[in-house]
Amino acid sequence: MEETLSERSIVVSFRPSNGKLFDCSFDPSQMTVLQLKEKLARETNIPADSMRLVYSGRILKDEDMVDSYGVKEGHTIHVVRGAANQAAEQAAANSSSSGGASRYATPSTSSSPASSSSVNPFSNPPPTRQLGSNSNNFEQDLMRGMMNSPMMRQILSNPEIVRSMVMQNPTMRQMIERNPEIGHIINDPSFIRQTMDMARNPELMREMMRNNDRALANLETIPGGFNHLRRMYHTLQEPLESAGRHSDNSSEAANQRLAQMLNVESPPEGQINSTPLPNPWAPRNHNNSGSSSTTTGSSLSQTNPFGGISNFGFGFPGSILNFTTPPIGDRIASTTNQTSTSQTNQTSQANNSSSTPSSTSAGVSTTTPSFSDPDLFRRFQQAMQRYPQYLSRPHQQTFYPTSLFGSPNPFFMNMQQSSFGAAQPTTIQPTEPPEIRFRLQLERLEEMGFVDQAANIRALLAAGGDVNSAIEWLLQNSNS
Amino acid sequence: MAKVPRNFRLLEELEKGEKGIGDGTCSYGLSNGDDIYMSDWNGTIIGPGHTIHENRIYSLKLHCDDNYPDSPPSVHFISRINLPCVNQQTGKVEPTKLSCLANWKRNYTLETVLTDLRREMANPHNKKLPQPPEGSSF
């Protein structure tokens, strides 16, 4: 390798995994990989200690000279953002294990601006996913950092103080006064301690949530599981949720307004309601999410996926397109998802039935032993977390009809609101021909050696523009 | 169409690998730059996002015998990985369990193999498989 011995700089391309190719010139015989990384850290915004460089199928080691890998003029080095190096990881592990709590645990923290902005159920994905998303990492870090201060740790390690903090919050106090069973939870030091444990370790929490979702799904498959889940829902979920909501007279008015907007008539008294549920996607004068004018073909023809389903809050699977044919048997799985992710939109019917202390305490007392159930923590945390929001935006929260019979299905509305935020970009009707729309993807496919442009376009159309799926499609079709 | 002889073909792939032509998720190159037969290759796969492999880089070695590209290369993982098509004792990718090796075509390349393996990692059945700690190797 004569060139690498000469003392001159070469120009090498760098290819970040998510960004534009850029060039950088350096002298490979004078530079270690670590120095190169530091140089690159200024160009990209990847810190040197979490940057990894890959060239010719090898991961470059920090201490080696760059020229020992035979990098030459015009070659490309891949820049990958990896996990931070071990020292940093260790530090993070230490700090996260040393105590604190997060906004999920205490209402006092949930009133801080950062966290209240994150719990808007209309703009964010459901909490389970929210935990995994990047947008939340910043807040988690912030919160973890705050909770790691020795003072906070001291405070939060004492359940008594936490309890008094909770009780100092007037809205929490009201809630507890109205719902004695919530008070029991707060009085239970072990509950608080466990909540803190979970809250200060997001990994643990995420894991537990996942386990819970799976456990619920498994439960559903055993005989009688459905009934058990329903019972759990009625005895645990509803009281907790309704506890986080005060009976609001304006909800009736809001419901009526919504019903009017959707052209729904009240069902005749004492009769089975056979009128279909309205189509929330249908064009109408007022729309509350501002985005419902983008419609999908399948949903246009859809009128009543939920007519005839009883008052139990059936949701539908996460995709808008799926809901056209949801067999009832499958429903309980999505019900459990819905109940865990969309409590904000529970009907106020549930509210009415359980806001009387006698009925709820009866319900909860039968299940008190399962307060060690982390699922319950989660729901309780969510209820606590959301509570301040109800006060600030009562109208939005209670925008849903009192009864599922003959009125818009609240989950329908929920899905509409939550899914349009995410789905909107994909539902925009393409106007350009696929050759232009998929220009970049086509180039990439060609680079990879798929030369049949017509097939590439077909694959990209089938894959909705995703190169990886398109490759899969191409390979499958060429194999067969 | 004339058959491209082995060495021309491998030179072509070497250039592609060094220049990083491709989708940027896989990288490959000769393990020994002086190897005029171009038999032994290193490969890396950058773990696909939104899977358990995210933020990981997997190293592999690939061996192209004299019959390449008429016969598929043999592929071994160096980084430990838990995938159904990978022998958990040796790290060898079982040719029968990876579609592109099982149905090898002459126009497949080392990159095809690597991207196919990466796709296998992102496969819904595999993307959540528990994985050995990063940095361990076979």
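Cβ atoms are placed via backbone N, Cα and C, with glycine included.
All TrEMBL annotations are machine predictions without curation.
Copied over from TrEMBL, here are the features:
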DOMAIN    A:30-80  domain 'Ubiquitin-like'
REGION    A:90-141  region 'Disordered'
COMPBIAS  A:90-122  compositional bias 'Low complexity'
COMPBIAS  A:130-139  compositional bias 'Polar residues'
REGION    A:266-304  region 'Disordered'
COMPBIAS  A:285-304  compositional bias 'Low complexity'
REGION    A:327-374  region 'Disordered'
COMPBIAS  A:334-370  compositional bias 'Low complexity'
DOMAIN    A:431-477  domain 'UBA'
Practice problem: Summarise the model's confidence over the domain 'Ubiquitin-like' (A:30-80) as a mean pLDDT value. | Solution: 85
Quiz item: DSSP says what for the domain 'Ubiquitin-like' (A:30-80): how many helix, strand, coil residues?
Solution: 19 helix, 14 strand, 18 coil
Self-check item: Secondary structure content, the domain 'UBA' (A:431-477) (per DSSP, counts of residues)
Solution: 35 helix, 0 strand, 12 coil
